[in-house]
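Enquirer: I'd like to ask you about the structure that follows.
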Amino acid sequence: MASKPVQTPKFIVRALLIGAIAIALAVLPAFIDPYTLRIATGALMWAGLACAWNIVGGYAGYISFGHSAFFGIGAYTTAILMQSDIGASFFATLIPAIILSMAVAVVIGGPTMRLRGAYFAIATWAFAEMLLQLTTVLDFTGGTAGLSLPAYLNEFFFYYTMLIAAVVSFAGVWLLIERSRFGFRIKALRDDEPAAQSLGIRTNLVKVQSFALSAAITALFGSIYAYWTTYIDPHSVMGPDITDQMVVMVLLGGLGTVWGPALGAVLLWITNRYIWSTFGDTVIYLPILGIIIALVVLFLPNGLISLIVGPQRGKELMSSILRKF
Amino acid sequence: MDLFLQTLVNGILIGGILICLTIGFQLTFGVLHVIDFAVGGWAMLGGYTAYWLVTLVGIDPFISIFLVFALFLLIGRGMGPLIYRVRTSRYARPDLMALAFTFGIFLFMQGGALWLWSYNSRSVESVLSGQFLSLGPVTIPLMRLSAFLMAMLFSLGLFILLYRSRFGMAVRALAQDRDHAGLMGVDVKRVSAWVYGIYTGLTAAAGVLIATIYSVNPSVGVRYTLFAFFVAVLAGLGSVGGVLVAGLALGLLEAYVATYIGARYSLLIVFGTLYLALLVAPKGVLGRGI
């Protein structure tokens with residue numbers, strides 16, 4: 001008879017580990033220079049975005065190429081409301097940004113998520129591209145000239161705002177997807193939709209819920225980003241690059257895991273900044289992203305996580321280890 | 001009325017090139033069941049190769065198009081086994097993995113083009129540049145007319161290959177049922193790789209034609225990927241015949257929007273229509289099958 005493994009010490013180790021990371025992230029700004037602080041802020045943003053994309057792409061199994069639309073909705077909502085003639089305060093703009101993005105996600109999510117696989121990917125991309133074109137021709141978005149926001153040049157403020165947003169996103173995703181019935185519904189949907197349906201899961205509702213949740217987190221980071229950079233234009237917040245990076249970060253880290261996207265995001269973002277500081281621009285970053293994604297698909301289909309734990313257990317671990325975490 | 005006729009002719013000429021752009025993409029979907037995100041990237045690289053051949057070597061694009069076709073045929077033939085490997089792998093969702101794979105290739109192409117050629121547009125000149133043919137009220141640039149005819153030539157070549165050769169028979173058998181075709185003695189892996197090669201060759205050739213009419217820059221990749229998707233969705237993914245109608249439809253839509261509503265709205269309306277078309281008829285408007 002094999003004895004039952006003792007759970008408590010493992011749990012304590014993990015709790016201590018998370019606590020240590022949290023404290024390290026909280027005190028980090030005191031020890032680094034402003035330039036590194038900006039990079040850290042960016043890393044937190046991309047980790048949060050990757051986490052958001054993972055809800056639809058990793059857990060629900062719908063590869064979305066349209067998430068830049070929600071990032072842009074968040075950024076534009078904040079930018080428009082903060083302009084001098086309206087003059088809303090930053091935190092007041094977050095609520096409308098989230099509500100608007102969720103509303104858009106519900107309206108387009110319902111019909112779009114009837115499509116499967118590649119059809120869904122094409123449709124979301126077409127939708128994002130449509131919104132991008134729309135922002136370039138509308139007046140209140142400033143057209144191609146973009147919009148400026150009131151500058152608030154406090155790097156500590158943005159670091160902690162991003163940190164709180166990222167922590168809330170990750171904790172929310174962990175609680176909702178790894179620790180609740182909602183998570184089981186999403187995974188059932190991904191693994192076998194007809195079977196999930198036959199068990200009484202309202203799959204359409206679950207799809208739209210996960211899409212809206214993902215959109216809300218994406219828009220939240222879009223809002224913070226707009227205030228942080230103080231200037232936005234259609235291509236910087238609605239362009240396909242935003243989606244591209246979200247997709248690649250999640251694929252690299254591990255689809256459908258809690259911590260994989262954060263790992264992929266931090267690694268790729270630091271690579272991006274390193275290339276930028278070495279070559280003066282990030283043009284070479286795109287082909288590197290492309291090669292990474294192709295190699296990951298060929299050799300590491302379960303992401304970097306499987307590199308750490310071994311290719312064979314990678315896939316089981318992907319869904320099980322992190323659920324226990 | 002003259003404007004209407006002129007727009008009609010413009011739309012048809014562009015539509016012909018869109019047919020050439022999408023026909024190989026459809027063949028790939030029909031045989032390999034891969035939606036190739038890199039389709040616009042192949043077209044872009046074809047355009048740049050023609051640009052190099054005309055500026056560095058001095059070969060007219062209407063001649064070098066055959067060289068570009070042959071070159072990309074071989075590149076695609078070389079990459080074919082990789083695509084086949086991903087698509088037939090035992091991943092949980094090989095279709096999405098194949099999509100992600102081609103998406104990676106697309107990013108590589110787009111970023112590589114930016115790095116090699118910068119953001120600036122390059123135009124591909126030909127001896128026919130700046131010559132016109134007047135037919136009553138309609139003026140036709142000879143470039144566009146020859147590009148259209150060239151696109152039709154390549155598309156016709158594909159039809160002949162598909163329906164009048166042993167290889168075409170194997171391709172059609174594969175599209176029907178991969179397992180049974182394999183049992184009947186078709187070398188599935190090899191034929192699939194050649195199909196991918198033919199597709200890249202045709203798409204690069206279409207890219208040459210697009211580059212002679214407009215110009216080529218790294219961002220055209222995204223645009224032509226979406227255009228190819230548009231035509232493919234309208235035709236029904238995998239339907240090679242439907243492309244003939246759908247390509248013309250997109251060419252006409254773009255031409256009429258640009259003339260009567262304004263060029264800056266044309267992409268908005270094209271992508272909006274694509275999105276709606278997917279929602280209304282995800283399986284295509286014009287039927288399916290090779």
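Backbone N, Cα and C define each Cβ position, glycine as well.
Okay, these came from TrEMBL:
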type	residues	note
TRANSMEM	A:12-32	transmembrane segment
TRANSMEM	A:38-56	transmembrane segment
TRANSMEM	A:88-110	transmembrane segment
TRANSMEM	A:117-137	transmembrane segment
TRANSMEM	A:157-177	transmembrane segment
TRANSMEM	A:211-228	transmembrane segment
TRANSMEM	A:248-271	transmembrane segment
TRANSMEM	A:283-309	transmembrane segment
Enquirer: Considering pairs 6 or more residues apart, do the transmembrane segment (A:88-110) and the transmembrane segment (A:211-228) have at least three CB pairs under 8 Å?
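Expert: Yes, the stretches contact each other.
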Enquirer: Do the transmembrane segment (A:248-271) and the transmembrane segment (A:157-177) come close, with at least three CB pairs under 8 A (pairs 6 or more apart in sequence)?
Expert: yes
Enquirer: Checking distant contacts: for the transmembrane segment (A:38-56), what same-chain residues at least six beyond its ends satisfy Cβ-Cβ under 8 A?
Expert: 25, 28-29, 32, 62, 64, 67, 71, 155, 158-159, 162-163, 165-166, 169-170, 173, 177, 186, 210-211, 213-215, 217-218, 220-221, 224-225, 228, 242-243, 245-247, 249-250, 253, 255-258, 260-262, 264-266, 268-270, 273
Enquirer: Taking the transmembrane segment (A:157-177) as reference, which of A:12-32, A:117-137, A:211-228 has the most Cβ pairs under 8 angstroms?
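Expert: Looking at each of A:12-32, A:117-137, A:211-228 in turn, the most contacts to the transmembrane segment (A:157-177) are made by A:211-228.
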